[in-house]
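Here the structure comes first, spelled out in structure tokens, and everything after it is commentary.
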Amino acid sequence: MNIYSVGLFYFFLVFIGAQAMDLDITDYQSIDNTVNIMMKDLMNYWNASSQAFVASYWWVTGATMGALLYNYELFNNDTYVDLISSSLLYNAGSGFDYQPSFEYFNLGNDDQGMWAAAAMDAAEANFSPPNSTEHSWLELTQAAFNRMSGRWDSSTCGGGLRWQAFAWLNGYSYKASVSNALLFQLSSRLARFTNESVYSDWANKIWDWTTDVGFVNTTTYAVYDGADTSTNCTTLDPSQWSYNIGIFMVGAAYMYNYTGETVWRERLDGLISHATSYFFTDDIAWDPQCEYFDDCNSDQTAFKGIFMQSFGNTIRLAPYTYDTLYPLIQTSAAAAAKQCCGGYSGTSCGIYWFWNNGTWDDNYGVQEQFSALQAVQMLMIEYAPEIATLASSTDNRSNSTYASNVVINDTNTTTTIVVKEKDRGGAGFLTFLSAIFILGASIWALVEDEEGKIPSRGKKGIAISS
């Protein structure tokens, strides 16, 4: 293909456009139709051989499994049952702990936590259990939890979980809110599911540490990004991201649902109050830390998907929050759907929902599709079934000590594709490669990251005031 042909192709791909999705946020059929279109565009990025989405980080596939499970629950859609099950098992690795060998030299505690959360989603959805000779979804979650909690580090900052899992990884010196938020959420979910005090004890321990160190401000309930161990966590990165507060919010909702304690309701209300004021503009969800500067990287475009799911989860666990959270789901879903009018399909979703004018922002990919999908799917949250517990589950296999002292011996050497963050020119090129893949080519396989995990945070020291 000559340069002229490539230029025409790319022009056609990017600017074909289409009228924004005609979503009626009050009509089930309209919501269902919109979700089906979004799902179709999302699955264009699926690669069955790697059991992951291309042109995205490994953790994004884990988070997206949660979205597919919500699709299964809310729309009774069994189309992707085998895909979900296969991906959750394959990516768990031979240790069944979401520490697979192909991610071992790139593993963040947040990555592992995202996959564990997806396995927990499966357990709580009473999702078809794995092969009877394997472990239950609960046991996979417990194994990952034990791996992560085993890395709790009291040698610096008085405790906490580091961002990266192992000392040789860039970012190991950083204690990140997201890693601790995920461990907190897993603790609270496991406490409710199993009714075992070891998990609620962990949830209280993590909450106390994150508030003591200042990651969660108990006056404003702002959630800051984290701090480095070189300063003993005394200098906070003031960046605020929607997914951090969303993950904490869900954990608090589980603890309130499980314990009924007033203190957890107060904490939940504080997080909701800050989340609904800081991360919305004209009642539309946004991440001002990067969207304000038009500078969102490939991690950050997925954050609102997790944030929107956190609203749905919170409503399920604390129904009194419905009147506060659901109207914001509605306005955000409507705006997200208006951004889904680009790319080759004419329905690819962008990320700048706050534009809210039916024009596309030229961004697309797995993360953008995931985020918009979660916003629209949460419109059906009031019809979600009750979240299961071990007592109501069809699979009662549980092992709270699994993988707590297991030596890793994972022989699976398949390499997952991780696209390294680039400058804007590089990002455009990767977008071009992704588009070619969608049309059936395989250029994506050549774009493997060889330098390891790239930090997902924005510029240090730059923060939007609360």
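Including glycine, each Cβ sits where the backbone N, Cα and C put it.
Residues annotated as signal peptide in Swiss-Prot, with sequence analysis given as evidence: 1-20.
The DSSP secondary structure for Asn47 (N-linked glycosylation site) is strand. What Swiss-Prot lists as N-linked glycosylation site is Asn47 (among others), and the listing cites sequence analysis.
Here Swiss-Prot flags Asn77 (among others) as N-linked glycosylation site. Taken residue by residue with DSSP, Asn77 (N-linked glycosylation site) is part of neither helix nor strand, so it is coil.
Per Swiss-Prot, the feature N-linked glycosylation site maps to Asn131 (among others). Under the DSSP three-state reduction, Asn131 (N-linked glycosylation site) is assigned to coil, being neither helix nor strand.
The N-linked glycosylation site annotation in Swiss-Prot covers Asn195 (among others). Secondary structure from DSSP puts Asn195 (N-linked glycosylation site) in coil.
The Cβ of Asn217 (N-linked glycosylation site) has 15 neighbouring Cβ atoms from other residues within 10 Å, across all protein chains displayed. The DSSP secondary structure for Asn217 (N-linked glycosylation site) is coil. According to Swiss-Prot, the feature N-linked glycosylation site maps to Asn217 (among others).
Look at Swiss-Prot and you will find Asn232 (among others) tagged as N-linked glycosylation site. For Asn232 (N-linked glycosylation site), other Cβ atoms within 10 Å of its Cβ number 13.
Asn257 (N-linked glycosylation site) falls within a helical segment according to DSSP. Taking the Cβ of Asn257 (N-linked glycosylation site) as reference, residues of its chain lying under 8 Å away and at least six apart in sequence are, in sequence order, Arg192, Leu317, Ala318. According to Swiss-Prot, the N-linked glycosylation site annotation covers Asn257 (among others).
According to Swiss-Prot, the N-linked glycosylation site annotation covers Asn357 (among others), on the basis of sequence analysis. On its own chain, Asn357 (N-linked glycosylation site) has Lys338 as residues at least 6 apart in sequence with a Cβ closer than 8 Å to its own Cβ.
Secondary structure from DSSP puts Asn396 (N-linked glycosylation site) in coil. Taking the Cβ of Asn396 (N-linked glycosylation site) as reference, residues of its chain lying under 8 Å away and at least six apart in sequence are, in sequence order, Ser136, Leu390. The N-linked glycosylation site annotation in Swiss-Prot covers Asn396 (among others) and rests on sequence analysis.
Listed in sequence order, His135, Glu139, Gln142 are the same-chain residues at least 6 apart in sequence whose CB falls under 8 Å from the CB of Asn399 (N-linked glycosylation site). Per Swiss-Prot, N-linked glycosylation site is recorded for Asn399 (among others), and the stated evidence type is sequence analysis.
According to Swiss-Prot, the feature N-linked glycosylation site maps to Asn409 (among others).
The annotation N-linked glycosylation site is assigned in Swiss-Prot to Asn412 (among others).
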Fewest Cβ neighbours within 10 Å, where candidates are the glycosylation sites Asn47, Asn77, Asn131, Asn195: Asn131
Candidates Asn195, Asn217, Asn232 (glycosylation sites) - the one closest to Asn77 (N-linked glycosylation site) by CA: Asn195
Minimum Cα separation from Asn217 (N-linked glycosylation site), reported as the residue among glycosylation sites Asn47, Asn131, Asn195, Asn232 that achieves it: Asn232
